[in-house]
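What follows is a short report on a single structure.
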Amino acid sequence: LLFVVGTVSCTLFLAVNGLYSASDDVIELTPTNFNKEVIQSDSLWLVEFYAPWCGHCQRLTPEWKKAATALKGVVKVGAVDADKHQSLGGQYGVRGFPTIKIFGANKNKAEDYQGGRTSDAIVDAALSALRSLVKERLSGRSGGYSSGKQSRESRGGDKKDVIELTDDSFDKNVINSDDVWMVEFYAPWCGHCKNLEPEWAAAATEVKEQTKGKVKLAAVDATVNQVLASRYGIRGFPTIKIFQKGEDPVDYDGGRTRSDIIARALDLFSDNAPPPELLEIISEDVLKSTCDAHQLCIISVLPHILDTGASGRNSYLDVMLKMAEKYKKKMWGWLWTEAGAQSDLESSLGIGGFGYPAMAAVNARKMKFALLKGSFSEQGINEFLRELSVGRGSTAPVGGGAFPKIHSVEPWDGKDGELPVEDDIDLSDVDLDDWDNKDEL
């Protein structure tokens, strides 16, 4: 019995300590090999300091392994059991798990990794840091490595689009605003805040542009504006909160790189945005302004009004509106025209004269399009757009390499179509007697 219990406890012990193994591409680091492997190396290193019992570390493990495999031969990826090797963790100021450090050209100045905890985010940060390292070598600077700090500043560290808020200005700007606000509460002496600053500034500029100012990035000095800090229970720096009209503020707990912040801001924007307008192509301006402003424009050619009537046409438009709502996060443009109204456009998109209703998705920058092959229904269109959104589906160049001439037409009035009125024939001058005798002529 004692033997069995001992075996079970030993197995549990091994499981707890087994976050990484020799078969992984993650290099296990200890006080014995750390100096030789990392400090004396010319390579860029990403090192995770973890504890086997830490839930966040356990969740990070598969992502860390995946990143290590992707970066193999490019960037070294290591891990230190800092619970077991506390002296090594203490040497690098590790106070929580997991802590990730970047060791670049100057191995004595390791930098904290502030990004997201997905393999994609880790790889992006590694490649960004590697680029900075190579550029420093190219310019003859081999020391003082800063993990992308120089490149971050050159990518838009200007704080012009970060809105500074105070105890006095906060409520009138943020509370009851129709816009979404992402607010960073910081302390000037906080190292993590200083690391975040260029990322926050760069994100603010791009978010302002991409959301047309509908999502705003702001900052509050919590050491000065203590009313706000107290109201929102700020206890650590930086703390980022999201404010939306009619809702309680929520904590932002994503990554702290520019790309992470922008991704979340665009999600917030699209969640709050109305579905895009569905416009009839009544002029060249409607087509060009829509297709030039969006990654893709979805163009439907609906049957002639005499073939469907108003109710039939509205049912097609309803399907398009539902799909526009479903895919609104993609921020595509949505257009429609009546069969025959823009025959040159139809021909350039391979539709041309039959098979209505039809749909094409056009990339105006590349002048390529894809055609809906399935049914013009929610299911058929959804499958078509889903394939496009993941980069699949066959495409063809737009005929002529550019949009053809677009004819100006009257917009649909929402009514059933009417057959053209034939001219009345005046028969008053016709001698009917002559017609009666026409067989005799």
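Each residue, glycine too, has its Cβ placed from N, Cα and C.
Noted in TrEMBL for the protein shown:
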- 1-18: signal peptide (SIGNAL)
- 18-132: domain 'Thioredoxin' (DOMAIN)
- 139-160: region 'Disordered' (REGION)
- 150-160: compositional bias 'Basic and acidic residues' (COMPBIAS)
- 154-287: domain 'Thioredoxin' (DOMAIN)
- 401-441: region 'Disordered' (REGION)
- 407-418: compositional bias 'Basic and acidic residues' (COMPBIAS)
- 419-441: compositional bias 'Acidic residues' (COMPBIAS)
Let me know the model's mean pLDDT on the domain 'Thioredoxin' (154-287).
-> 90
Per DSSP, the domain 'Thioredoxin' (154-287) contains 51 helix, 27 strand, 56 coil
Composition by DSSP (helix, strand, coil) of residues within the compositional bias 'Basic and acidic residues' (407-418) = 0 helix, 0 strand, 12 coil
What is the number of residues in the domain 'Thioredoxin' (18-132) that are helix, strand and coil, as DSSP sees it?
-> 42 helix, 22 strand, 51 coil
